Amino acid sequence: MDKFFEYIKNQNLSLEDEKLADKLDQLDQLSSIKEEFYFPITKDIATDLSRVKDEDLDKPVIYLTGNSLGLQPKEIEKQLVCNYLNDWRKYGVEGHHKGDHPFIHIDEEIQASLSKIVGALPSEVCPMNSLSTNIHVLLSNFYKPTQTRHKIIIEYGAFPSDLYVTESQIRHNSFNPETSLIKIKPRDGEYTLRTDDIINVLKEHGDSVAVVMLSGIQYFTGQFFDMKKITEVGHEIGAIVGWDLAHAAGNVELSLHDWNVDFACWCTYKYLNSGPGCIAGIFVHSKHTESFNLSTDSRLLGWFGNKLSNRFQKEKEFVAEDGALGFRMSNPSVADCTALRASLSVFEKAGGIKKLAEKSTIITGYLEYLLTHKLKTTDVQIITPSEANQRGSQLSLLIKGIKASQLKVNLSNSGIVCDVRDPDVIRVAPAPLYTSFNDVKYFIQKLNENM
């Protein structure tokens with residue numbers, strides 16, 4: 001919260017000013033970007049319309065769950081109709097090579113803008129598949145267990161799919177998750193992991209660790225791990241280091257190339273706003289793709305990872321496309337890539353991830369300040385770290401005195417959307433693209449009324 005207090009001081013604002021939210025919105029250079037999005041309206045979201053005032057029925061909701069599914073950018077509708085559907089109608093199969101966005105190169109068009117989101121070279125990223133599939137794809141290449149080095153390290157309480165994928169990869173390689181999967185637990189009475197404890201576990205298991213596979217931001221607690229330091233230590237013990245960035249991509253500043261991360265993957269429907277189930281993304285550091293040898297490379301192969309010049313030739317030996325593109329197996333969905341391209345264009349309009357992260361720090365700090373200073377109950381506990389460099393937009397709130405699921409229902413009747421994770425945690429994410437400071441103030445007002 002220190003960054004928020006520093007901002008208030010630098011802007012000569014007062015925390016006790018009743019119009020503080022108005023003044024913060026006036027200072028917000030990104031305030032107009034929310035006009036780029038469609039918002040659900042209250043009558044379509046509320047659980048009990050009898051509890052909604054008539055004048056509020058058609059009001060846009062306050063959407064605080066972009067960490068689960070981002071709002072729809074208006075640009076997606078435009079590009080799907082005017083580009084994808086129009087080109088398919090107009091050109092048919094020739095659309096692979098005609099039009100402003102030929103189908104055959106549709107994913108390559110996104111590489112440059114996607115690389116800026118995660119701090120990579122364009123050649124190191126590729127939109128493809130879905131997140132869980134991509135974890136399998138990348139682990140099939142990077143997890144090469146031996147009798148002495150066979151362990152995968154994840155965090156305790158990782159997103160279930162990360163657990164299922166790592167367990168199945170271990171079994172697929174004829175090892176036992178009971179002995180080959182290490183889960184790092186928080187200390188007793190704590191919800192988040194201390195960096196020193198993570199490092200100690202890595203060093204304790206040392207040369208028995210094949211892969212370190214953590215979440216960049218922990219989905220339940222909202223903790224942003226020290227990826228740079230953890231990657232360094234992982235390499236010191238001789239392990240490959242990969243990251244699940246589902247809750248980090250589009251949320252915080254990342255420098256995957258400079259941090260020397262081996263691989264990473266993420267979905268694009270949360271903070272990147274591409275749409276439910278839309279195409280995911282991968283990162284493979286350039287050091288791993290400088291050369292390709294079919295006899296020694298263990299990646300899973302498919303026709304779209306093959307060089308375009310070789311792709312339709314019968315009985316030709318596979319020659320990998322350069323960089324991350326060589327990990328593709330199937331042709332990407334043109335509709336998905338069109339949606340992702342459109343959603344990424346909104347990031348460009350906003351000035352990029354750096355500006356968004358700056359606003360995120362301030363607006364999330366404002367949310368934390370109101371929760372700790374203006375809430376009239378002690379039945380709400382923030383379990384997300386207070387330090388700005390250890391979180392993104394999400395604050396996870398442990399709720400007491402009322403079931404979190406019931407509180408979510410009550411808030412929906414007030415035109416507020418957030419989500420619940422058991423046991424009794426509400427996740428609140430003031431995504432900087434479409435959340436105002438007055439939105440945050442209203443949330444606290446309604447939280448007070450419903451606790």
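Just so you know, glycine gets a Cβ as well, placed from its N, Cα and C.
Taken from Swiss-Prot, the feature pyridoxal 5'-phosphate binding site applies to Leu131, Ser132, Phe159, Pro160, Ser161, Asp162, Ser215, Asp244, His247, Tyr269, Trp303, Asn331, supported by sequence analysis. For His247 (pyridoxal 5'-phosphate binding site), the same-chain residues that are 6 or more apart in sequence and have a Cβ closer than 8 Å to its Cβ are Asn67, Ser215, Gly216, Ile217, Gln218, Tyr219, Gly222, Lys270, Tyr271, Gly392, Gln394.
The N6-(pyridoxal phosphate)lysine feature in Swiss-Prot is assigned to Lys270.
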Same-chain residues at least 6 apart in sequence whose Cβ lies under 8 Å from Ser161 (pyridoxal 5'-phosphate binding site): Leu131, Ser132, Ile135
In three-state DSSP terms, the structure that Ser215 (pyridoxal 5'-phosphate binding site) belongs to: strand
Largest inter-residue Cα distance among Leu131, Ser132, Phe159, Pro160, Ser161, Asp162, Ser215, Asp244, His247, Tyr269, Trp303, Asn331 [record-listed pyridoxal 5'-phosphate binders, Å]: 31
Phe159 (pyridoxal 5'-phosphate binding site), number of other Cβ atoms within 10 Å: 19
Local Cβ density at Lys270 (N6-(pyridoxal phosphate)lysine) - other Cβ atoms counted within 10 Å: 24
